[in-house]
Amino acid sequence: MTVLERPNFTPDTDPRDVIRWALAQHPDALMPSAFNLNGVVLLDLAVQAGYRGEVVFVDTGYHFPETLRTRDALRERYPSLTFVTLHPAPDAPQDTYADDPDGCCAARKVQPLQSYLRLRAPGALLNARSREQATTRADIPFVEDGGARLRVNPLAYWTREMLETYAREHDLPVNPLYWDGFLSVGCWPCTRAVRPGEDARAGRWAGKGKTECGLWVGENKL
């Protein structure tokens, strides 16, 4: 992507405009999702912006039942999209989340998605990260390059309040755990509710010295 092709987005740019730009640049774009609040909002906005591609979910084998029901509700609500569920390899290690959380994430979440992306080879990924979620995401731009593909963050500047308001106004099927304080829902062994004053991802891998699974940061990032 050349400098001339990069649009002049501002923090007030409508996420749908970011999505439309991404689809014009890369019609083969895909959307990985774990169906958190951000992901549900992004999915709805993407459909409005003309996205008709794949929504790719990695079922690690440790998801909450509420997460799987949220996926199913979204699949029913958006029949124009193709929902793809990936699984770890049969020989992926099991029950290592306590002793080796990094290895568990790598084998059961990152590797299945990486393998699928190598097969599909999309030019861009639409993802739902926002700056307010965690200090590790505080500086993300609308468009990240420098890797195997563009990473497009249409919700980069949206706040939690904006996301919640949008979800309520559009009656979106948000994971019910969110309203119980699970502001970022991952696998059940490594997710707890967020305490007052903590950022949205503080309940992920609490006490394990990490806040990212490895999909978006690190040497194996997407």
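Glycine is treated like the rest: Cβ placed from N, Cα and C.
A TrEMBL annotation is a machine prediction, not a hand-curated record.
Record features (TrEMBL):
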ACT_SITE  CYS213  active site, nucleophile
BINDING   CYS104, CYS105, CYS187, CYS190  [4Fe-4S] cluster binding site
DOMAIN    30-193  domain 'Phosphoadenosine phosphosulphate reductase'
Mean predicted confidence [pLDDT] for the domain 'Phosphoadenosine phosphosulphate reductase' (30-193): 94
Largest tally of Cβ atoms lying within 10 Å of a Cβ, found at which of the binding-site residues CYS105, CYS190: CYS105
